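What Swiss-Prot records for 149, 155, 174, 176 is Ca(2+) binding site, and it gives similarity to another entry as the kind of evidence. Feature annotation from Swiss-Prot assigns substrate binding site to 249, 325, 422, 423, 467, 471. Summarising the annotation, Swiss-Prot assigns active site, nucleophile to 327 and lists similarity to another entry as the type of evidence. The annotation active site, proton donor is assigned in Swiss-Prot to 356 on the grounds of similarity to another entry. Feature annotation from Swiss-Prot assigns site 'Transition state stabilizer' to 423.
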């Protein structure tokens, strides 16, 4: 047994409160090393005849990566206190693993209390809690300047005719909030029930990430009344809205920064920024990346903190928005985000807080900052397998597993899953315009735990390279839309909403990872219901014999996509590039 590979970290994603009563426990071992693991646990104060009273239960292997296996146990401590350890078994030995590491498995070890891990008390206040509604939300991201032009009188004077050319960095086409209101029937018919808008606040650019005034809507987008109408109509339709907050930096044309430029070290705003010396030049202050027109805010400054918190609360109080997406969230200090979380959650307990983080976001997802992150590390291996074809099926699955194991279950359940955005190539372009690959990728992502998001235009076959080409004008002429893709997305969204509880909370198990033939199968299981997915990315037809699957022959089986009933003895062909979803449930 490889002792050095055994890992468990208390008070982390390895040991946490799931719901204020239930504790989730994970331990990692070398892949293929352990035959089974027993979880020893009990209340630290409970003794019988002078000996600590311990319970014992088997752990379940729930995931594997290229190098490790992950094991899981779930317990409900009667008095919300927990003392625990592990007994790891292979072909040759049993070992005890606890707070002192690996120890011999014997009576003396079992009776040495300080060898055990402790979970002193399961506090609800310490439990990661996210808004329940996010679990059933399918998001639709809108870049307002390119979605729809509802009021041409608001368009910038230099606005180009809608969709007349591929967008340049500084082009305007006149998209606005009225355009979004006008298309709500379309969005409702598509099936999405959450709208994420990139920034709508006053700013000189088309993207609005260079904010002038966070309290006002950009005049080319509309005014407070049309935004109020948008929020109201969304809520009437059972839909949510999330705004984009740029709190890492501000626009260089903002009054605060211009005051610093004018008055130097005499400016009342000089400590709002990270300025190295005066007077301000193009290279003596911190900014977003190396972008001169986006000076970085000093969020350790109490005045800046109050300013930003007032903004966050204003849009909740005045317009009842449902969430904040936080731009460049990983470059803002944790202290501020903890204060932000407390303030906005007190104002609206079910507000959704989403951070833009492109790497592992675990430090921000401990229950006192964000509910979720934009889940690029989770979906990137999917894209690399299906679209880029640069990794194998097993490599993809291992990376997906590793990412899931790095998070708490309740955090994974509300993560923001996306395949493209205003910052990336569009999905169809990443797939080299192979529509089958794009469909397979979407179906694969929609089968995973988390809250899925599609970028405007994906549903009608919009393509585009990296920024600015990924920000094309939405196509509204039906004859120019890919209607087959649109119908596909409607069905995919409907299926996700229909099976939402299973796809959010159900167990993921990889049934087959055939690297040679590029054929994948996995299942999502919850209670008596199971969905089994098959993806054929190879060049050969694959045949599925239902009787060879792990399905009770008395179960009701159907093709989940077409809802066509199937029979236990059926054999189904999965063509190259296609996928199949089977549904099986115990008869009612």
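Backbone N, Cα and C define each Cβ position, glycine as well.
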### Query
Could you state the CA-to-CA distance between residue 249 (substrate binding site) and residue 327 (active site, nucleophile) to the nearest Å?
9
### Task
Let me know the most crowded of the recorded positions, choosing from 176, 356 and counting other Cβ atoms within 10 Å.
176
### Query
Given the recorded Ca(2+) site (149, 155, 174, 176), which additional residues of the same chain have their Cβ within 8 Å of the Cβ centre, ordered by sequence?
145, 150, 151, 152, 154, 159, 162, 173, 175, 179, 220
### Task
Name the one residue among 325, 423, 471 whose Cα is closest in three-dimensional space to that of residue 356 (active site, proton donor); these are the binding-site residues.
325
### Summary
Closest by Cα to residue 149 (Ca(2+) binding site), out of the recorded positions 327, 422, 467, is 422
### Task
Give me the Cα-Cα distance between residue 174 (Ca(2+) binding site) and residue 471 (substrate binding site), rounded to a whole Å.
13
### Query
Out of 325, 327, 422, 423, 471, which of these recorded positions is nearest residue 176 (Ca(2+) binding site) by C-alpha distance?
471
### Summary
Cα of residue 423 (substrate binding site) to Cα of residue 327 (active site, nucleophile), in Å and rounded, measures 12
### Task
Tally every other Cβ atom lying within 10 Å of the Cβ atom of residue 423 (substrate binding site).
15
